[in-house]
């Protein structure tokens, strides 16, 4: 342990840190050179003052540098949310990832176990027969052979173990609640990313731009969900190739889809969510299907595989109804269970 973090704690409480200062601070955290009290003091100093884009980018860049990286094919994208919205919805981003892969876009999905629902991405995929506790080599094989791979966050970010006990003791949101979607181990340049707060979508989009992303949509639903919602309007901060961020609103009708009540997309246990996931892949009409079609359409636009949301919905529906999305699940399950 050292006292290297101490001056940065005081600085963080008084003013915004430069990116270099913030990188130094997070390097100290991730290398285990700070005490639990120092870690807690630093994280709460940031939270109380309010984190900046430079601080988000610094934390994410250090995490990326220390992760167990995955080599992904060019053009791969991530479809992920921060979690933490407290809404307990069905596994929309997880299902969306396989539908998008079934439409021909490589998806390197980063995720974890449940945070805001009874069933997070890893919980759902485990129920679907995948072994989520695999390392980079298996993920790379899945990406190469199946066109989609799942990266379980703790398997790729071991340095985070230095801060986990303090995070648990603090029991409140910190900068780490948004770092997951910013630290994809495959270094993807395109993202459809949900946030638990509308206030986060623009700074997160700016952060991804600072980290080198080419195109990303950061989204938040008006019902509080961390994805494009099928229940009403969603807000989007769209990062363009030139680094600009454009604010947009998206309604289900923009994609030719109906509006559904929130109750129709509420999830349950991992087993219940997996049953709904399987029904969706089998072609069952539902609010869940429409929510996935909307998010898949957006992802396909971000990937430049579709030019409009309406075109994206058609591609996503074909992915489901042709069985392509279901075959992606089967392929990844076989690859991950063979290890």
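A Cβ is built for glycine as well, from the same backbone N, Cα and C atoms used for every other residue.
Under the heading anthranilate 1 binding site, Swiss-Prot lists 81, 112. Residues or ranges marked as 5-phospho-alpha-D-ribose 1-diphosphate binding site in Swiss-Prot (evidence: sequence analysis): 81, 84-85, 89, 91-94, 109-117, 121. Sequence annotations record features per position, and here Swiss-Prot assigns Mg(2+) 1 binding site to 93, 227. Here Swiss-Prot flags 167 as anthranilate 2 binding site. The feature Mg(2+) 2 binding site is assigned by Swiss-Prot to 226, 227, with sequence analysis given as support.
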* Asked: Within 10 Å of the Cβ of residue 81 (anthranilate 1 binding site), how many other Cβ atoms can be counted across all chains shown?
  -> 28
* Structure fact -> For residue 226 (Mg(2+) 2 binding site), the three-state DSSP class is coil
* Asked: Which binding-site residues from the set 93, 113, 167 come within 10 angstroms of residue 227 (Mg(2+) 1 binding site), judged by C-alpha positions?
  -> 93
* Asked: Does DSSP give residue 89 (5-phospho-alpha-D-ribose 1-diphosphate binding site) helix, strand or coil?
  -> strand
* Asked: Can you tell me how far the Cα of residue 113 (5-phospho-alpha-D-ribose 1-diphosphate binding site) sits from the Cα of residue 81 (anthranilate 1 binding site), in Å?
  -> 12
* In terms of DSSP three-state secondary structure, what is the assignment for residue 167 (anthranilate 2 binding site)? -> helix
* Please list residues from the chain of the residue listed as 'anthranilate 2 binding site' whose Cβ is under 8 angstroms from its Cβ, counting only those at least six apart in sequence. => 43, 174, 176
* Structure fact -> From 81, 93, 110 (binding-site residues), the ones whose CA sits within 10 A of residue 226 (Mg(2+) 2 binding site) are 81, 93
* To do: Looking only at C-alpha atoms, tell me how far residue 112 (anthranilate 1 binding site) is from residue 89 (5-phospho-alpha-D-ribose 1-diphosphate binding site), rounded to the nearest Å.
  => 16
* Structure fact -> For residue 81 (anthranilate 1 binding site), the spatially nearest of the binding-site residues 89, 93, 110, using Cα atoms, is 93
